[in-house]
Amino acid sequence: AMGGNHTQPKFILLGITDTPWAQAPLFGLFLLIYIVTLVGNVGLMVLVWVAPSLHTPMYFFLAHFSLADVCYSTIISPKMLTDLLFGNKTISWAGCVTQLHLFALFVTAECHLLAAMAYDRHVAICHPLLYVTVVSPRACWQLVTWSYLVASLSALVYTSCTFGGSFCGPRWVDHFFCDTSPVLRLVCSDTRGSEAAIFALATANGLGTSMVILLSYGRILHTILRMRLASSRARAFHTCTSHLVSVSVFYGTLFFMYLQPASRHGSRDKVASVFYTVVSPMLNPFIYSLRNKEVKAVLGKYRRRMLNLC
């Protein structure tokens with residue numbers, strides 16, 4: 001199947017835009033976003049690690065979510081930045097396979113981590129007395145392990161389906177990274193089976209995890225509306241809002257991208273892709289930390305310590 005790969009083992013990424021004057025401003029913008037993404041997510045991971053008050057299941061999942069954010073934006077942003085800066089848009093066969101595989105792995109892991117976080121909120125609000133026993137440290141590790149296991153197996157399927165055919169024409173990938181649908185468009189053998197397999201697995205992962213999230217929030221809403229005290233209702237809502245915001249951002253763009261047939265994909269995809277590959281990982285630390293009293297308290301405490309040292 002891969003007989004033609006030895007003669008021309010490179011792909012050429014067409015990138016976000018081919019307008020010459022737009023390259024420099026886009027480079028500046030995306031570099032800033034990538035730096036903020038790294039500082040925000042690594043900062044959040046360090047904070048969860050060092051602050052005992054954040055040693056809870058919710059922040060445990062959040063730290064893994066931040067790790068996945070750092071990983072998949074690092075798989076995409078540095079390559080995209082060098083392409084914008086130097087205009088060298090080639091990527092080797094191995095580079096393209098690796099990029100697609102790791103990207104699929106971390107995005108799928110994030111879907112499952114968001115589902116684990118929704119389940120955690122559901123137990124915390126609907127069964128507070130059982131919370132400590134149900135969401136134990138062991139259960140947390142099992143949920144995270146499961147997320148990465150399913151993601152690893154899914155990524156293997158996506159990658160082998162995408163690169164399993166024969167590439168014989170020009171290798172212009174109409175995207176800024178190696179993603180499934182623009183790479184599949186370059187395959188000259190029949191891709192219907194591969195497309196069906198990828199679509200089925202993406203649907204299973206996307207809809208499966210979003211069903212867990214919807215059911216959890218259905219139960220949470222039911223429980224909150226039955227609370228007598230307005231203050232209890234407000235507190236319960238408050239613990240869920242940040243998670244709901246990041247779920248909406250993440251799934252909104254993912255569903256737009258992957259749950260449509262290959263023929264419907266067009267230039268709007270690049271805009272949607274920029275959103276969840278570049279912007280969404282940057283927003284998550286802000287969504288979670290700016291709304292959270294615990295994170296604010298820890299940040300305040302460490303800021304005071306730093307000032308005292310100075």
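Even glycines carry a Cβ here, placed using N, Cα and C.
Positions annotated as domain 'G-protein coupled receptors family 1 profile' by TrEMBL: 40-288. What TrEMBL records for 26-51, 58-78, 90-117, 196-215, 236-259, 271-290 is transmembrane segment.
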Spatial neighbours of the transmembrane segment (236-259) far in sequence, C-beta under 8 Å, 6+ residues away: 107, 110-111, 114, 117-118, 121, 124-125, 180, 199, 202-203, 206, 210, 213, 217, 220, 223-224, 227, 269, 272-273, 275-276, 280, 283-284, 287-288, 291-292
Contact ranking winner - 90-117, 196-215, 271-290 against the transmembrane segment (58-78), Cβ under 8 Å: 90-117
Non-local residues, at least 6 beyond the ends, that sit with Cβ under 8 Å of the transmembrane segment (90-117): 5, 9-13, 58, 61-62, 64-65, 68-69, 71-72, 75-76, 79, 140, 143-144, 146-148, 150-152, 154-156, 158-159, 162-163, 173, 177-180, 183, 205-206, 208-210, 212-213, 243, 246-247, 250-251, 254, 276-277
Per-residue pLDDT averaged over the domain 'G-protein coupled receptors family 1 profile' (40-288), given as an integer: 87
